[in-house]
Amino acid sequence: MSYKVNIPVVPPRSASSASSTSDVDEEDDNFSDWASSLGEARQTKSLFDETVLPTPEAVIQHDANIWDFNLQSTCEKLGLDMFGRIRLINLIRNAGLTKDQIEALKSSDPLFKDDNLLKPVIPDDPLLQYDPDDSWSDDEDIPPPPQPSAGPSQTLDQAKTASTSPESSKIAQLEAELEKARKDLASMRQLVSNTIGSEDEDEQTNGEASHSEVQGKGKGKAVERDDDTHYFHSYEENDIHEIMLKDTVRTVSYARFILSNPKVFKNAVVMDVGCGTGILSMLAAKAGAQHVYAIEASGLAVKARENIRKNGFEDVITVIQGKVEDIQLPVKEVDVIVSEWMGYMLLYESMLDSVLVARDRFLAPAGLMAPSQTRLVISAITGDRTWKERIAFWPSVYGFDLSTMQLPAFEEGLTEIVDKEEIVTSEAIVRDINSHTATIKSLDFHSSFTLKPTTSSETTIKAFLTHFDTFFNYVSGEQSHIPPAQDVEIVSFGDDEFERPVEPLSSNEGKDGRQISFTTGPRGKYTHWKQVVFLLRDHIILKSNQQIDGKFFCKKSPTNSRELDVEIHYRVVDSEGEGAQGEGDYSVQCYKVR
């Protein structure tokens, strides 16, 4: 973390200022320039609108007059220290909180201990540096101007006049402001020390930075890599939630499972991991849950509380802001864990890791995971459209060869919507995950696959394609697992289903509940997850009597645990099993999913 405080340098006083009019004029210009710069540095934006005023004091008064919000009294009510005050200001700016949402905050809220909120939303925000107990305009902060002694060339009256001259007053005021800036710098240094780590005085006492410091050794504590901050902040924006909520395949499938299985949710204690807007928590409450604990690590937790209150579920749903790895519940265990944790290519973002931690910490022995199962599926496609857009475009752009720009398309998984007509082989499951029994370690894996042509003619294959299928079962444990032979249900969904409440499905005759499933593959309606295309440098020519044998490797990236490293090994063999290129002769291509 870095934080900059601009400390002005007070212009030196000229020894001949009393006798030289030109020197005084030049000094006045220096004071004027410095004061102008200082004024710009103190310009402050309102917490609630786009108004920018000359000082933080003016903004505080503006927000009190226009928005009826008193920052100081709010901080006092919540018992916030300097760091808590900084967190509150950054939270308001980042999440766009209203006065009502701010008043709903409690001093025990974990966000007031979240060091991510110490990072300024607005660089050099004067409001973060403003101390209501130490205002720049306080007379006690302005030291008396130096009293020159009367001498042969200066009478006592002249000395008094000089001591109260405009130049002396300006100097005194500027020196006071400089001292205040120094105090702010000291506070910020302490903030950085508390946030990043205190210095180790036993190491490198000569004060020279070495290469080992950069690597986290030597002077100063090592700063751990942070894969979470950007991830959680990205979910504080409205856009991503609007996209997910308008994905009717996703949201309607969850709603149908929750509302169509009263034996699962009636009087159950439910945990919603990554609650976002609170939609799944409210569905669980609507289905009759005794209580729902909605866990949200990002600042969106504030809006989730407001959504829940507006819909009348505040007595049934408790929003807890924090990582599920760190939080505590007022109950020993929960009956159901529901979470929409899936990312691109199923495992991107690694949110399943947190869901499995929640399961191991809080789920009752016979508790239910929703979804209960997911499958990562691979197939081969012509890839014609993706190739045209990502590769064929570059060699001739306004008459110039820009083919150097093609390279990233061969090194990254490309998130695309692919037409089902482009699929020219069978599908193969490369990972089948049971949410009740999976481990975090098992999410790094490799798996063999075989793809057979689905057409009788020779086909050119330019890419592999992955998608995932999701299953909800009303029974828990290993019994919930649906065998590979049972296909995902392909259901039609309307684009406008978010405009009305989801209705429960009729119960299955003789069964205790309803299974629900959906696909993100080209056979179903498109979803916000789309599919992931892996373009091949060398095209595959596949005949009707041949098949593709391959190995799929997937693991978390060593540089960012929320990204994935993928390797695809493949070869073409005769359908009878005899290698056309010789046994073990695989082509290999590596990709990033990010």
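Cβ atoms are placed via backbone N, Cα and C, with glycine included.
For the ranges 1-32, 481-512, 545-576, the feature annotated in TrEMBL as region 'Disordered' maps to 1-32.
Taken residue by residue, the domain 'Protein arginine N-methyltransferase' (376-475) breaks down under DSSP into 24 helix, 43 strand, 33 coil. Counted with DSSP, the domain 'Protein arginine N-methyltransferase' (514-573) comes out as 0 helix, 37 strand, 23 coil.
Looking at the domain 'Protein arginine N-methyltransferase' (514-573) alone, the prediction's average pLDDT is 97.
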